[in-house]
């Protein structure tokens, strides 16, 4: 409060030291500024709203006038719309207004409609005046410049749409024209520059329509192989020259003279581009590769489709440029590696084997459902989906490009990433990586990628094996050793892997694993012609007939193949059926296998539906499939004559057969699942229609060289061991029948049975002998049929 005799101080006296007075002044000024800014922004928004309304009104009015006014000739109408666009840039001063607020989109759409109408009214292939105007006045070049500058904002989107619709709607080929492929090529460079750009959708549609046009006329791709040196020079000088026409540099600034000249230039291009291919860039591929990194899955799928179209083009120069001067190989292998390394370190092989197959681009998923199924399902599906894309891409690719891409997958993924996992010491890691490799083999269908996968696993060796060379390819040696691993799970999974390999249409698999060791027939003792015929007829004094062997004297005639249905199909014993190829009578071979297992060790005859005839149907179907695959391998039809064989080299059955025979020799002491897998692989080998393989695996009457063993001799030793052990097991036959019924699900599980492993092994042995007999019969019957 002021005292009665005290006068208030003047503002000058208060000065700037009074906080009260300064605060009030500031507040007043601040409020005035806010009011002015609000008023200004309101006026601007009102003005923009009026402009937008006026623009829309103008557009509506224009369409109404065009509808009511008499129609102009198409060319005049076309020129009118183009000049309306150019006048916009001359007359407008506001370059910040979006293009959607202008009439430019409407004029561009009208120009497209006119071009489409003009083409429809003319004969096929004839260029009308509107198209001539577009080409001669380089309208596409101008639009490219406007789109690059994105003036007004959103213009790039409109230009991309115009190019896409023009190439898509017009039926006559446009890309051969110099004033079309040049601006198209330039616009291609603008695509994929920025990830998640607002124009991504228009960019991918434009690139895909260009790819589809190149697919229709593959030679045009040479326009898109740009010379780097010239492209750089034109960028510096500002010229419009395009390196795609490097064959005739003088034509860089010449006017468009029509389609035929452009086509002639394109066809002449490969001769000029091939020698200097390293100086060329493939911007169409580069732009698509950039768009494969988009966060939008739909864009990625479309980009992958575009790449698949480009790799399938037959032009050698483009294929070479694609593999040497782009990052396509790196994209394929890097993503495979990324997806593989995202997988859990340990996975259940059954989950890997049974997860549903997903085609690339269609892997829609539910994270909650996938996590509930098993850990890693989503990443596994992603890996298999990308593997499917790589496989399909290589399958569709031009032959030389496909070979390079497949080799890149082998070097950068299989060798660098997968091989260390297969060679590790951890049993859990070995099991998971082997199961994944098995799934990879199963899924691969392209010839080039399959061959590189096989080379990765087995190596490229084709010469005969020896004990000294079995570890020359470390991975092959390790995987074959894993077939006889201490862990039954690893053994089963590795055997499945080789079974999967044997079912693939690749001759190198069979040759590398088996045939190269049988090429010289050194497993058979070389007898003279008379002695060999005597052995086949069973009349050689020192040759023991299996039916007279003491091992089989207690077998009843009922156990032999006596069904008239099957014997009627076998050749009769007559001089008309000369065995010039060294084949033994089929009924002898079949009976030899069927009689191997003694009566007291047989149980199938007591269970309905487990007879020999069931194997005949399966063997016939499978052998027919194998023959269809092996037909193009041009295998010999008869064994190699002994006179041409090198019999001095000691016989070695090969590492793979050695392990299988060793496993087969222990069939009475191995788990049931292991025995099933071993016999399954051997039966697959027996099905191949190669005379040496047939002779070695399926002919019991082959006179083996000293110290050699065959599949039949291995089984004979197993049966000999079995007969010694049978008498030590009380109630052997009833127990055997019970085990068989339990395996077939005909009896419920009950108390444990002694010697279960042995009993299961006997059952597998009996079934395997029936299977081999069926395969031998079917193969002989097929060879005897006209």
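Placement of Cβ uses the backbone N, Cα and C atoms for every residue, glycine included.
Residue ranges 238-281, 282-325, 326-369 are listed, and TrEMBL annotates 238-281 among them as region 'Disordered'. Among the ranges 496-524, 525-553, 554-582, the stretch that TrEMBL annotates as region 'Disordered' is 554-582.
Within the listed segments 1-42, 43-84, TrEMBL records region 'Disordered' for the stretch 1-42. According to DSSP, the secondary structure content of the domain 'FHF complex subunit HOOK-interacting protein C-terminal' (653-745) in residues is 66 helix, 1 strand, 26 coil. Predicted-model confidence for the domain 'FHF complex subunit HOOK-interacting protein C-terminal' (653-745) is 95, expressed as mean pLDDT.
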